[in-house]
Amino acid sequence: MALIRRAKNKVAPQKRAETTIKKATFDATKKKEVGVSDLTLLSSISDDAINQNLKKRFENGTIYTYIGHVLISVNPFRDLGIYTDAVLESYKGKNRLEVPPHVFAIAEAMYYNLKAYNENQCVIISGESGAGKTEAAKRIMQYIAAASSTHEASIGKIKDMVLATNPLLESFGCAKTLRNNNSSRHGKYLEIRFNEQFEPCAGQITNYLLEKQRVVGQIRNERNFHIFYQFTKGASDTYRQNFGVLQPDQYIYTSASGCTSVDTIDDLHDYQETIKAMQVIGLSQEEQDQIFRMLSAILWIGNVTFVENNEGNAEVRDTSVTDFVAYLMQVDSGLLIKCLVERVMETGHGSRRGSVYHVPLNVVQATAVRDALAKAIYNNLFDWIVDRVNVSLKAFPGAVKSIGILDIYGFEIFEHNSFEQICINYVNEKLQQIFIQLTLKSEQEEYNKEQIQWTPIKYFDNKVVCDLIESKRPPGIFATLDDSVATAHADSNAADQAFAQRLNLFSTNAHFDLRSSKFVIKHYAGDVTYDISGMTDKNKDQLVKDLAELVQTTTNPFLSTIFPDTIDKSSKRRPPTAGNKIIKSANELVETLSKAQPSYIRTIKPNQTKSPRDYDDQQVLHQVKYLGLQENVRIRRAGFAYRQTFEKFVERFYLLSPKCSYAGDYTWQGDTLGAVKQILQDASIPTTEYQLGVTKVFIKTPETLFALEHMRDRYWYNMAARIQRAWRRFIQRRIDSAIKIQRAIREKKGGNQYEQLRDYGHRLLGGRKERRAMSLLGYRAFMGDYLSCNEMKSKGAFIKRQAGISEIVVFSIKGEALHSKFGRSAVRLPITIILTPTTLYIVGQTVAQNQVSYTVDRKVNISHIKHVSLTNLADDWVGIYVQGENLPDPFINTIFKTELITHLKQLNRAIEVKIGPTIEYQKKPGKLHTVKCQISESAPKYSDIYKSSTISVRQGRPANSRQAPKPEKKSTLLSDGPSYNSNQSKGYGQQQHAQPSYGQQQQQQQRYAPQSHATPQTTQKKRAPPPPGQQNFAASAAQTAYHPQQASHARVPSTNNAHTQHNRQPAQQAAQPVQQAAQPAATTSQPTRRVAPPPPPPPPTKQNIPKFQAAYDFTGTGSASELPLSKGTVITVSKQDPSGWSLGKLLDGSKEGWVPTNYIVEYKESSGPPPPPAPPVASSTTGYANSNNNAFAANDNVAAVAGAAAGATAGAAVAAASLANPGQNAFSVGLADALAARANTMRLESDDESTGNADEDDDW
């Protein structure tokens, strides 16, 4: 039989899936990558290559592509199912390289940067009309609302209100055009504001240039604003009755273009969503009623028509319509008609009041006045709605940072372009200028300023186009338009002619071209031809004074609210024009965006037919060119993905350097540049990945930045783990301290139950059996469950589960039994002995597929045990006589035999304990077998020899030997508990507890067994030495066991040097043991003390591998791991296992395997006679107790060879101790070593800082 050894920390194959590496699974939903996800990865950079890559991805249903951190979005004109909650969740907490390109990735980056850098964020979405800008803005709002979710009611309400602004403002600000069914006809900049916890707490919407002309007229197949069709189709009966609401085809303003319905638009559903949005935002029912009352008034104003009277002037065709309009506006009907067909003119001379004239209007002029009234009401109504939404969004204070989302009309080129188009295209020019400033121009200028190595890249700067439109000196197009209006304000045609003449000033501008009644501006997106006719009139943007006075007469408070309160008739100041307003708004927008960190989304429209399958190469190629994607790719490939000032960078990442931080505090004493270098060095960032400028650090690739961010995130997790670990140590120390106090109190009151059980066991022997030295130790107590079978995670629990034992375990220990096969009856097999209140289990182990399994070999009912049989010598064999079972009796060997029979006796008082010169048991049912026992000095010191039914054992202590008293603990300044803050190793040398647990013994087995010579540790606690008068020979023997080299040259300690020798550091490695003949020593109770003369120094030890000689033949069981030996064979031994097996190798190195330790003895080479032994010294009981004390305080070098907890026999431990102490009395040496071995075995304490994996309890 061979001992099967397994790796101490080997993980079972089935547990490998519990690592942090997830098992690879096939993602059936992942689409095959088509093209490249980042245009910077293209092999060739050209407009055609970019176009082809976008086309491949579009045809594959992949609409998003990156240029670095810029997102390119191609409108799919269909639902791809990529905005679900599951997709949204997959982007949370991910950087853009971990997930495919998506608008959610841009939103995640914005929200992360807001929290990480505490800086305002914005996203600039640009592209032509119908490219998908509004949809992208909605998806960003969707993601931010989900990512910042919270259970707080007020925060949730703000998020709902922010999301509700989408359907509300889309209804009032979007319309169907030829290019887009949901085209934004106004600009909107939404700021979502966050509190200090980065939760949305407020919002702000800024409106830019509503296209109010659409209210009164649209080109063919376009529609008015969505709200008119929603209201006319979905209005309630109350509204229809009170406001006279009809179907959209009955109103001129909604039916003139010939398009009242669109296949992809559900007006009835959208109307319900609009009503719901009003309720979420907080509009009262009264406010909703007034809004729809004004919409009805606008529609009915459009139905007012005029005819020419006899004088050629205009008059109302049907006054019932004007009467109903006056009812809705709550003004006088006659005054309304008068304002529509007449114009009041007043003349004056200086301060004198002039005459007032009523000038009749013709049909065309009256129609223009009618439309002006409708446009004014709708424009002011829209502004009021935006202001009202802002009031609701600002209801919660505490905003500190914001994320801005810009959704504005795209670049427009129509067959006929007028004032609205030049305003829209001007704003897009400003946005393009921002993009150029921040991504192209300023980036290259910054590289030069920071002295970064850089090759300049050419690009088109559209600042010249912006100056052409907005400049005041020299005057631009808007300034020229204002001058024309001021010169001929009364006559629109004259003003248009004056404007046309002034346009000649721009004839030398390369981006301007004047044609008859038209002019061309060469925008970045292409050349646009504008009509001069009507521009000056649209630029006035002023309500006729008569209409303003009409509105002020209303009795409707809501209508009065949405219009200015008063009209300053005496003001000579020129009122602001529409051009002035749009320039001011655009500059304010640029200023707002410049205060935030921008993200960019460039949208592309694949075709003009809004088809989900068509991809117009020429149209997309044109957009690729004017968006400047090629230049952006070139700069991104050559530039740096991240740049930050030294101060900001250090503030963000100083935690990554231990030289710059301690416990979260900034500790760097040098300048910020030095801190930046130190951080990058400690983070192991290659120098090729960054450059240091004058004031900023530049990081080349986003992967490097993401790595820094990941390390910073992990820092907090590590800190939290350290705090948790320290807290758990503190709590455990309190628990351990409480247990120690409770144990001490219990022992003080009722005595130690384990020692009381031990004393009962001694009485059972009745002075009839010789004792082993370790059985008489003062620290010896009957602990019972030495394998900790009752714990949850232990080897004993594992054995218990495999054996199918469910009862509480009273006693458990390792042992040996004889091989039952004929011819091998002297071979010992390792077993596990488990005793429960009703049953004695003998558990054997088997090996299959390199795994050890445990099964019950014998199950004995305690009530069936008649007697137990032991010899009167110092062996460890026990025969258990069982009656009523047709099976052989158990015949076992265990070092804790006395404790076993003590527990059996307590569980069954009828069991008889037989002690004699022989052991009788039933080797076969009904057939008694007798085993004799004899004294033999050739037997192993700590074990015995079983052969031919005869046990050979050395002489033991007298049968009437008394138990040594338990040594008293010495007072010390050091803590009795383990050092939780020490980084020293926790081995046998550590001061331990009197009561072991499974964790303590198991740590000893896993961490130190098997080994032939344990290395002494330096972590033992320093105790005060005993008085000089109490240092006897046993103490000297113990010191010799731990320090053989020192002891061979040192004299017996005197009074002066006792303290010094006691606290001396242990040697780094024990010397090679020398075989010494054993000499019996008699014990005496006389308190005499003699000092032994020092022995002569031994010859120098040879530094060679220990050699052993086979004392008996060992045939083995045929296992490949065994090493068969014949008597006299000399081998080298590299390891000795406490279980009684040694790893040996033949001298020629041809074979290596395990042999029983009891079968080999140390091989003595001829090296001269050994030194004579020192004479024995008798010691009193007091001296013996103090020798125990010294044995426990000294380093536990002999613990590895004692191996009691690991299942080794006591005889083997005594033999190993004898070999480790040359020149000493055999009995005294064995006693000293036994003291140290048993004490440390019984006092091992578990260490909560152990590196062992406690969770791997099944891996044995």
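Keep in mind that glycine also has a Cβ here, set from the backbone N, Cα and C atoms.
In Swiss-Prot this protein carries:
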BINDING   Gly127, Glu128, Ser129, Gly130, Ala131, Gly132, Lys133, Thr134  ATP binding site
COMPBIAS  948-963  compositional bias 'Polar residues'
COMPBIAS  972-988  compositional bias 'Polar residues'
COMPBIAS  1030-1064  compositional bias 'Polar residues'
DOMAIN    34-713  domain 'Myosin motor'
DOMAIN    717-737  domain 'IQ 1'
DOMAIN    738-763  domain 'IQ 2'
DOMAIN    769-959  domain 'TH1'
DOMAIN    1103-1165  domain 'SH3'
REGION    402-484  region 'Actin-binding'
REGION    948-1106  region 'Disordered'
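Contact count against the domain 'TH1' (769-959) (Cβ pairs under 8 Å) is highest for 738-763, out of 34-713, 717-737, 738-763, 1103-1165.
For Gly130 (ATP binding site), other Cβ atoms within 10 Å of its Cβ number 24.
Within the model, the domain 'TH1' (769-959) shows a mean pLDDT value of 90, rounded to a whole number. The secondary structure of Ala131 (ATP binding site), as reduced to three states from DSSP, is coil rather than helix or strand.
In the shown protein chains, 25 other C-beta atoms lie within 10 A of the C-beta of Gly132 (ATP binding site).
Of the chain residues outside the ATP site list Gly127, Glu128, Ser129, Gly130, Ala131, Gly132, Lys133, Thr134, Asn75, Asn180, Ser183, Gly410, Thr603, Lys605 have their Cβ within 8 Å of the site's Cβ mean position. Within 10 Å of its Cβ, the residue among the binding-site residues Ser129, Thr134 with the fewest other Cβ atoms is Ser129.
All protein chains shown were included, and the count of other CB atoms within 10 Å of the CB of Gly127 (ATP binding site) stands at 25. With DSSP states grouped into helix (H, G, I), strand (E, B) and coil, the region 'Actin-binding' (402-484) comes out at 47 helix, 8 strand, 28 coil.
The Cβ of Ala131 (ATP binding site) lies under 8 Å from the Cβ of Ser73, Asn75, Gly410, Thr603, Ile604, Lys605, Gln623, each of which sits 6+ residues away along the same chain. Around Glu128 (ATP binding site), taking its Cβ as the centre, 25 other Cβ atoms fall within 10 Å, counting all chains.
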